[in-house]
Structure formats: structure tokens, C-alpha cells
Amino acid sequence: MKRTLTTLAAAIALTLTGCSSGASEADVQESESAPASEAEVTLNVLAAASLQKSFEEISEEFTAEHPNVSIDFNFAGSSTLVQNLEAGSPADVFASADEANMDTAEEADLIEVDSRDLFASNKLVGIVPADNPANVSTLEEANAQGVNLVICAPQVPCGALSQTLAEAAGITLNPVSEEQQVSDVLGKVRSGQADAGLVYATDAALAPDEVDTFDVEGADKELNYYPIVRTSNSEHPEAADAFIEFVHSGAGQSILEANGFSAP
């Protein structure tokens, strides 16, 4: 009788082991067949500094629709971001504040050209501290002797646009400082370190109580156009394409418009 019970117990154990093994294999097969879209993904997005507020808001809505995706942003001047790409920095999406820097990335085979498209435009404005100590209201006055004018460096999109508009007006700019990103120009004017600066309209809108604006001649006709693209070394191309598509969507465009951008 004792031997019979022992044999029966062994049989039951073998049966349970077989069931457990079968369930484990099924779990493995299910895991292996799970769609990539459900996997946890961290998307690396390199974007021009002028896009920070808009893209952070876009990210909130995008990740709400794609809970498996988190986004790691790197905001800087577009030329700096191209250098980051050339150095091999992790990146899935690149959004530039101009087409020239995107062209540089394309020539270096850093981007997937077929995914490249324009998604926004921006114009240049002049800014002064709210109390306007130098009494500046035109580009010519901002460039006058004794006025501390701050602009973006020429290799940065806002700097290139500043030079283009100044040359069209017959003005040779004499800034006291050239910054690597437009947010730094805004920072120096809003803090009173500079008497005037040239920034995008979207940046001026970030500090309505601290800076006043003045029009720059020709700025309405000479815009900067913003392209976005998937990078060549993207580790998550599906998620990258989904983010780019969201930027182009009605929801994405509404956020950009609310922050002062215009359609391309």
C-alpha cells in the first residue's frame, strides 16, 4: 500500500511538472510574440531650444496616447545638435530651427531623408527689457553705439536670420555678445544684462511681463522653417515615426500655434 501511494505521488508530481513546463513555454512564446509597440521605449529627441515649451507639451499628450513610450529631450542650438549627431549621441528624432542645419545632417548621412518634413515656421523680433532703459524701438536703434545688443551666433539659426535681416536693411550688427542658443539671448535681456536682443517671436512670448518687442523690417517675409526627421541610427524607428506624425497632427499643430509658431 505504501509503495502504491509513493508511485501515485510521483505520477501526480510528474503531471504537475509537465503542466508547469507547458505554461512556462506558453508564457515565453507569448512574450516573444508581443508586438514591439507594447514594449517599453525611451525615445531620444534632439530639438532646437526654441521648441522646448511646445515639445514638452506635445510630449505630455503623446505619451498619454503611448504609455509605453518615455521621451528624453536634448534642447540646444541646432548647430550644436548636429555636432552631437556627428559625435554619435543617441538620437531617434531631430528637429531643427532651420533647413541649413538639417541639410548639414543630411549631407553627413545622419538622417533618414524620406522622413524629413517641415512642421512649423517662426519669425524674428526685437526685444528690450520692460523698462526699456536705452529707449530702443528699431533695429537701427538697437545697434547704436552705447546700446548693449545681444544676438545669436551666426551659425545658429536665429543668428543667421538676424544677419540676413540686418544686411537687407543695410545694417552691420555690432553685438556685445553672440549666444549659442536663442534662450540665452532672451535670458540676458529679461535680466537686464542687455539693452536689446533679437529672438524668435515664440521666445519673446515666454516673458510677456519682462520684455517688450519691436518689429524688425522684413521679418514677416523672411521666416525660419522648422524641419523634423528620424535619425539614421534610431533604435526605435516606429516610435520615432509616431512622434513625428503626432507633431504634424492637429493636436501637435494646435500646441505649436498656441506657443506662437505658424504653419510652414
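Even glycines carry a Cβ here, placed using N, Cα and C.
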Which of Tyr200, Tyr225 belongs with Ser50, Ser78, Val182 in the molybdate site listed by TrEMBL:
Tyr200
Enumerate the residues of the same chain, Ser50, Ser78, Val182, Tyr200 excluded, that satisfy the criterion Cβ within 8 A of the mean position of the Cβ atoms of the recorded molybdate site; list them in sequence order.
Ala48, Ala49, Leu51, Gly77, Ala97, Asn122, Cys152, Val156, Pro157, Cys158, Gln181, Ser183, Val199, Thr202, Asp203, Asn224
